[in-house]
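First up is the structure itself, then whatever we jot down about it.
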Amino acid sequence: MKNKKDKTQKPKVIDEKFVAFFKSLNIEPQNWQFYEDAFVHSSYVNENEDARASYDRLEFLGDALIDFIVAKKLFELYPNYNEGMLTRTKIEIVKGENLNRIGKELNFGNFIKLGKGMPYTETLFGDVLEALVAAIYEDLGIEKANQFVEEHIFKKTYSEILKYNFFSLFQEQKLPEPRVRVSLTSNNLVLSIIELNGDIIWSQAVPNSKHYDDKSVLEHNAMSAFTQFLKSGKGINFFSDIKNKLDSQKPMRALTVRPKKINWKARKPKLKALKNKVKADS
């Protein structure tokens with residue numbers, strides 16, 4: 001007697017849209033059964049005898065895989081982060097609302113199989129995303145699973161990660177929340193300022209080589225530049241100096257990062273004029 005639940009059984013027919021979907025994800029399945037299982041809800045299995053399995057077990061494995069891959073990526077990217085910051089950043093990336101959103105953006109709803117009357121809840125998309133990562137791992141190995149997580153989870157949450165990390169840097173030092181200001185000059189420079197309690201603690205003026213004019217993009221770039229500055233080692237005593245000056249209640253002198261190959265004698269704005277310019281444009 002043929003066992004309908006035989007785990008080596010291959011699906012007889014693979015939907016063309018399902019094949020095209022994986023091609024769009026740059027995935028070439030070797031064993032399609034893993035991927036079919038990843039999109040089957042337990043309610044569908046209960047109502048259909050031909051259904052092999054639900055995504056429950058794959059979801060369990062995928063949850064652990066995503067945690068591991070993201071943790072490893074953060075460990076490599078942020079050597080100066082302590083255990084607490086690494087943990088909080090990982091939680092921010094893999095939280096359910098992010099996974100649910102990504103699953104919806106990838107149009108998982110076109111392929112999820114549910115029992116009759118079962119609604120499409122938000123958490124379904126995140127569950128299937130976790131199951132899909134496990135399916136990729138089981139079929140193609142950790143390298144391909146790592147590639148998928150980095151491309152579709154890590155990169156898609158990078159802006160949120162950067163913003164979270166930027167403000168966490170100050171929270172970790174028990175400093176007030178900083179303010180980021182950006183402005184464009186007539187000679188195509190991007191002026192970026194970070195303020196603390198109204199004092200400028202860091203500023204940067206760089207050519208707007210990509211001609212960005214979106215304020216959110218410019219602020220994102222400013223936070224990224226500041227974070228990279230700290231990672232470079234140049235800012236090793238940055239926060240301790242800031243805290244000492246706050247404790248002594250002395251005016252803080254801004255640290256300015258200058259670009260190369262710019263005639264600063266002709267272009268260098270005075271700090272006061274720079275601050276007024278940004279305030280006027282904000």
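Backbone N, Cα and C atoms are what each Cβ position is placed from, and that goes for glycine too.
Annotated Mg(2+)-binding residues in Swiss-Prot are Asp127, Glu130, and among Glu49, Glu59, Glu195 the one listed with them is Glu59.
In this structure the alpha carbons, written CA, of Asp127 (Mg(2+) binding site) and Asp63 (active site) are 8 Å apart.
On its own chain, Glu130 (Mg(2+) binding site) has Leu58, Glu59, Gly62, Asp63, Leu65, Ile66, Leu99 as residues at least 6 apart in sequence with a Cβ closer than 8 Å to its own Cβ.
With every protein chain in view, the residue among the recorded positions Glu59, Asp63, Asp127 whose Cβ has the most Cβ partners within 10 Å turns out to be Asp127. The domain 'RNase III' (18-141) scores a mean pLDDT of 92 in the predicted structure.
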